[in-house]
Amino acid sequence: MKILDEVSRTLNEYLLLPNLTTADCTPDTVDLSVPLVRHRLDEQPAIRVATPLTSAIMSAVSSPRLAIALAQCGGLSFIHQNQPVEAQAAMVTAVKRHKAGFRFSDINIKPSATLGEVATLLESAERDVAVVTDDGSPHGLFVGLISTDDFHPRRHDLGDSVESRMRRAADLVTAPPTVSLSEANTLIWDHRLDVIPVVDDEGLLHSIVLRRDYELHKQFRNESIDTDKRFRVGAGVNTHDYRERIPALVDAGADLLCIDSSDGYSVWQADTLKFVRHTYGDDVRIGAGNVVDGRAFRYLADAGADFVKVGIGGGSICITRDQKGIGRGQASALIDVVEARDAYLRETGVYVPLCCDGGLLTDSHMAVALALGADFVMLGRYFARFDESPAPLVRVGGQFFKEYWGEGSNRARNVTRYEHGGGNELAFEEGVDGYVPYAGSLYDNVDTTIAKLKATMISCGATNLPQFHENAVLVPVSQQSFLQNTAEIQLRDRPSDTGR
Ligand code: RVP
């Protein structure tokens, strides 16, 4: 038995001291981009993103819709692995079908359908135009377009066919799959179109570009995209069915994999990493974890992990520390693992990025995690609160909440993440099932978080994350200042006596 001298500390227990802010430190010059995978310092990493935020490998969090929104904002989602291989691969495909600015056509109808059917389809999807293909599928033979301007419920018989009112393909402007987004936009403006179908040589529908998508795309200058301009997406895997799951995810186009386990310091993770290296060399990128100390980092880095995820028991819905007595304060874990990461770099010349996962409840926690040396953060609760998360929105006592449950809860029953040996049943829960306050759109919230992270870095005199790692000065807060801070927050939040 060995007892460490240190006290296990959380992110909440540190504050940053300002450094000199120089004239070149402005929001426009701060670069939040980070490598996601191992690389030599003199080489470009194979995957780099503009925003150091990733969404947790959880069924309540990372859906295709959230993955697309986060990729548009420059981050990356990891689609959860607590589902059959085919279902997870289909979610990855759903993201990869989206090219930045190009839209997978999801509102399609057959020419033989009725005007009543298309009216219902458009209303339920809150869209103005449907694409007509011979079989009503997203990649069928392109036959025409039908919009809410092409018929009127009182003027036309809703029993008539779509074919009777649609605008026919021969009369429409289309573009070939080689079209660039700016060429498509020129066509949209030259021909005063709202939508341009992208159609291949055989007349099959490829995708569409909507006028408003192009405008939206212009707002997203930092999208996470691959060399084909498709959105990047990650996927969780486990150490049980990886021989089937990994090939399916690779075929579906997943950009980055991550072994999803509450405790990553195991031979099973090394075996999974070995399988990837043996089968794909460096073509497939995979992170491992979770770990809380330098020994475990070193084990996974030596086994070939592309990044290592740090954090056990800190998740907002996690009760592992209560149930098993295992875990470590997130700040202490990071400090230890960062030291091992830097030693590994000095020894091998290879930089292995670190992901800080779990318990990041505020933007300031993210700032402290990055200052302590994390390259990027993984967030569950944060993303679960947004419109784009797959969790149901509920109203309780006049307030809106999103449901949020842990992968170790009975609701998720993620046995491959929380295996306790032997069975395929959860022997006991390690997560809870609850609610988080609904917070609106991902786009607005991520914008605010980015603005705050940049503001922190500016105060600390850093214009990029390596500088922030190097120069950040942190100080532990005393119990006394902790109590004072809590009291101030309570005072601030108390409703005014005068009702103003
Ligand atoms: P948080 O952002 O604090 O909600 O934490 C999310 C993280 O919590 C996940 O990325 C995962 O590591 C961990 N988790 C997920 N489920 C559970 C559980 O049921 N205990 N924990």
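For all residues, glycine too, the Cβ spot is worked out from N, Cα and C.
Because TrEMBL annotations are produced automatically, they should be read as predictions rather than curated entries.
The number of other CB atoms found within 10 A of the CB of C318 (active site, thioimidate intermediate), across every protein chain shown, is 24. Secondary structure from DSSP puts C318 (active site, thioimidate intermediate) in a beta strand. Feature annotation from TrEMBL assigns active site, thioimidate intermediate to C318.
In this view, R417 (active site, proton acceptor) is surrounded by 27 other Cβ atoms within 10 Å of its Cβ, with every protein chain counted. Feature annotation from TrEMBL assigns active site, proton acceptor to R417.
Around the Cβ of S262 (NAD(+) binding site), the same chain contributes N290, I312, T320, G408, R417, Y418, E430, each under 8 angstroms and 6 or more positions distant in sequence. In the three-state DSSP scheme, S262 (NAD(+) binding site) falls into the coil class. Per TrEMBL, the feature NAD(+) binding site maps to D260, S261, S262, G311, I312, G313.
For G313, G315, C318, the entry in TrEMBL reads K(+) binding site.
TrEMBL lists 166-224 with the feature domain 'CBS'. Over the domain 'CBS' (166-224) the predicted model carries a mean pLDDT of 89.
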Among G313, G315 [binding-site residues], residue with fewest other Cβ within 10 Å = G313
Can you tell me the three-state DSSP label for I312 (NAD(+) binding site)?
-> coil
CB neighbours of S261 (NAD(+) binding site) within 10 A?
-> 27
Where the C-beta lies under 6 angstroms from ligand 1, the matching recorded positions among S261, I312, G313, G315, C318, R417 = G315, C318
Relative to the Cβ of D260 (NAD(+) binding site), which residues of the same chain, six or more apart in sequence, are found under 8 Å away?
-> I57, F78, H80, Q81, G236, V237, N238, E407, N414, T416, R417
